[in-house]
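First comes the structure, then the notes that go with it.
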């Protein structure tokens, strides 16, 4: 099975669907001030036709209500900043392209659009037709839009997904080179770490180059991704997932070879690695780069560690179940996340269960002829 066929969130609206379980409202709340500042700089840059329309894309949009939470924040930021900066002008039409892989459940988003448009008109005064939302399926590691056609590109929790599992893991190091691990965890051998970093560098460089070509000169890009932290004893969600799968091997429910032959196409970069790749690629100026933390159970009101742990397990399952099921089989998925919840219940009370996040705002450098 092709990797892109299983790189999608759980579909539909069931208990383990992405629509029901993914909750990154706190991350969006932390990102919003940066989003508003990015939009403010964009409107001041006087890009082509920006007073008439603004063309935006959300790269790696996923599915369900969270997709439209991002869209809402983008629209609200454009309207708020527009009123502050150019209140004598009419609101520009906003065209938003939702991008994800072909297998993404776009229909779950489209079903929400009628109520979303009505709410936008009620709360923002935006008449239906002044905000146009459509899908642009395809890998964001390839061309999506014509050259110099976009004003603003946004991506949240997507660029840590690689285009493929690093080929060097099998070709150069051999099957099982990443023994006992499912990604480039802290305990991996240096050659495994290098293989993952090399793949991320290649993919992220391609991402920057291709999308810089799609942006107008001085266009903006705002990226939020999971990043490495300095805490030696912290556990991210993939660490807990790895521990859960290892439990099944130790208990005899899963063959060791099955674990050793599985590697997630995910790399969690450091802030310095991201900064260096952007500078080396050269198409963008870094306007600002900051990091922040989000607890796994942030915003969860029930004060019960086991219920919180089940909630975290459901959220992580919504993201990783398709790719796990394609390798390990669907039957063992409940067992994986039952053990995941047990590990989560241990780290949550200690404050060690959180995501480190990086947010970076980029401006496309002008062509020499534009200077």
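Every residue, even glycine, has its Cβ placed from backbone N, Cα and C.
Residues annotated as S-adenosyl-L-homocysteine binding site in Swiss-Prot, with similarity to another entry given as evidence: 18, 61, 66, 100, 101, 139, 140, 156. Residues or ranges marked as site 'Involved in substrate discrimination' by Swiss-Prot on the basis of similarity to another entry: 154, 266, 330. Feature annotation from Swiss-Prot assigns theobromine binding site to 157, 160, 161, 355. Annotated Mg(2+) binding site per Swiss-Prot: 178, 260, 262, 263, in sequence order.
Recorded features from Swiss-Prot, shown on the structure.
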residue: 66; record: S-adenosyl-L-homocysteine binding site; Cβ within 10 Å: 22
residue: 100; record: S-adenosyl-L-homocysteine binding site; Cβ within 10 Å: 26
residue: 139; record: S-adenosyl-L-homocysteine binding site; Cβ within 10 Å: 18
residue: 154; record: site 'Involved in substrate discrimination'; Cβ within 10 Å: 25
residue: 160; record: theobromine binding site; Cβ within 10 Å: 21
residue: 161; record: theobromine binding site; Cβ within 10 Å: 20
residue: 178; record: Mg(2+) binding site; Cβ within 10 Å: 28
residue: 263; record: Mg(2+) binding site; Cβ within 10 Å: 21
residue: 330; record: site 'Involved in substrate discrimination'; Cβ within 10 Å: 11
residue: 355; record: theobromine binding site; Cβ within 10 Å: 21
Take the C-alpha atoms of residue 260 (Mg(2+) binding site) and residue 101 (S-adenosyl-L-homocysteine binding site) and report the distance between them in angstrom, rounded.
27
Looking at the recorded positions listed here (157, 178, 262, 330), whose Cα lies nearest to that of residue 66 (S-adenosyl-L-homocysteine binding site)?
157
Structural state of residue 66 (S-adenosyl-L-homocysteine binding site), classified by DSSP into three states:
helix
What is the number of other Cβ atoms found within 10 Å of the Cβ of residue 140 (S-adenosyl-L-homocysteine binding site)?
25
How big is the Cα-to-Cα gap, in Å, between residue 178 (Mg(2+) binding site) and residue 266 (site 'Involved in substrate discrimination')?
14
Length of the line joining the Cα atoms of residue 161 (theobromine binding site) and residue 266 (site 'Involved in substrate discrimination'), in Å:
5
Could you tell me the maximum Cα-Cα distance in Å between the residues recorded as binding theobromine, namely 157, 160, 161, 355, rounded to a whole number?
15
Nearest recorded site to residue 160 (theobromine binding site) by CA-CA distance, among recorded positions 140, 262, 330:
140
